[in-house]
Amino acid sequence: MKMDKMNYKGQIGVTSHIEMGSLDGAMLPMHDLVDECLYSSEMDAQKTQPILSTQRLLFSGLRVGGYKMTRNGVYKSIKTVVFSNKLNLLMPFGPLAIMVHKMSASNSWVFFLSLLGITPLAERLGYATEQLAFYTGPTVGGLLNATFGNATELIISIYALKSGMTRVVQLSLLGSILSNMLLVLGCAFFCGGLVHYGKEQVFSKATAVVNSGLLLMAVMGLLFPAVLHYTHTERKVGKSELSLSRFSSCVMLLAYAAYLVFQLKSQNDNYVPVGEEGSHNGENDDDEDEVPEISKWESIIWLAIMTAWISILSDYLVDTIEGASEAWDVPIAFISVILLPIIGNAAEHASAIMFAMKDKLDISLGVAIGSSTQISMFGIPFCVVIGWAMGREMDLNFQLFETATLFITVIVVAFFLQEGTSNYFKGLMLILCYLIVSASFFVHEDPSAVGQSKIPKT
């Protein structure tokens, strides 16, 4: 029995020893596995660390590169818009006008400096509109040209309406029409005729006829309120004239909207936007390959900046126009009809002459006659409606002298355009007609503008 017990214990010991041995043998691979896992994780960390550092460098490089690209884009945009035109040398006169207004009470200098400061802004506003038209297509581009083409005159008119100077609004818009029809078109015909001496320049007769018809319609809208006033045939004195003006303004705006649809949709062959007009002589133009110089959003931002800056200077311009008239001993009618349009539309004058010298009279006609059509059929009725909303009694009675001047001008220009041809002699005649108009307004004292009280701004 003892031997059996001892054998049993020995077997148990041997078995336990074998089992422990097997456990010890099993533990060695576990340690090795743990060591391999730790080693592999360290290797992965070492491999991942350069990848993460590379990604950090890449992201930081993208941020720095994006910042540099944005900064370079801003510099390029400023260089293209601000420093690409010599006319922009007049831009510092705008801040100078504000400084003079703050430091002294010289209305004449503030008025003069404001005029000079607005001139390049008006040209850059047109440039930004043309750049934006590249991205919008012909239809929306035409609407943009109608809206911003004469934005400077409209902004000045709105500030004058806000100040209660309705007569200044009427005279400045009338002056823009006369300046474009006589001076701008005359200079274009004259310079184009001298450059192409011995050659008869041609333009689209159909376009000229339609624009002449719209101008005659505008004369009709201005004529009847004046006739109603001077014949004393109003049913309700003081009210019928204003009601007729507001109704006629709505009709004129509707007619101009229909004209835009007709020009841009119905007659694409004969009536195309100014930026896409080609030569009617069968010559290939290089303008088809034009590309925008700035992006769409840059155009919108520059439009907002230029419009805001023109609005600020227009406020100073309107506030000092009466003081400038007294200091210079010049009638307000002459300043409004002659000086404001000449300086405010200087860029349009230059572009019309340039296109005429390149034998692209259709574009010159679009700048001159098209701008007159915009002001007469859109600008003037729009100001009447805006004045209606402001509570200002702005009407279409431009007085007898001014209405007669516009009527004769439209008739003269229509006769010059009926043949569809131009030469330097026609241009000279139009320029001389403008000199007569200028002299007439210099000696004309407008009774309704004398002592016109300014309504305080609200």
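Cβ coordinates are placed from backbone N, Cα and C, and glycine is handled just like the others.
In TrEMBL, the feature transmembrane segment is placed on 109-127, out of the ranges 109-127, 299-317. Residues of the same chain lying 6 or more positions beyond the ends of the transmembrane segment (109-127) and with a Cβ under 8 Å from any Cβ of it are 81-82, 85, 87-97, 100-101, 148-149, 151-152, 302-303, 306-307, 309-310, 313-314, 316-317, 319-321, 323-324, 339-340, 343-348. Contacts between the transmembrane segment (330-357) and the transmembrane segment (209-231): absent, as fewer than 3 C-beta pairs lie under 8 angstroms at sequence separation of six or more. Residues 150, 153, 157, 215, 336-338, 340-342, 344-345, 348-349, 352-353, 355-357, 359, 361, 364-365, 367-369, 371-372, 375-376, 379-380, 383, 398, 402, 405-406, 409-410, 413, 422-431, 433-434, 437 of the same chain sit 6 or more residues outside the transmembrane segment (173-197) yet have a Cβ under 8 Å from a Cβ within it. Contact count against the transmembrane segment (243-262) (Cβ pairs under 8 Å) is highest for 363-388, out of 209-231, 363-388, 400-418, 424-444. Secondary structure of the domain 'Sodium/calcium exchanger membrane region' (299-439) per DSSP, as helix, strand and coil residue counts: 119 helix, 2 strand, 20 coil.
Away from its own ends, the transmembrane segment (400-418) comes close to residues 170-171, 174, 177-178, 181-182, 185, 205, 208-209, 212, 215-216, 219, 222-223, 226, 230, 337, 365, 369, 426, 429-430, 433, 437, 440, 444, 446 of its chain (Cβ-Cβ under 8 Å, at least six residues beyond either end).
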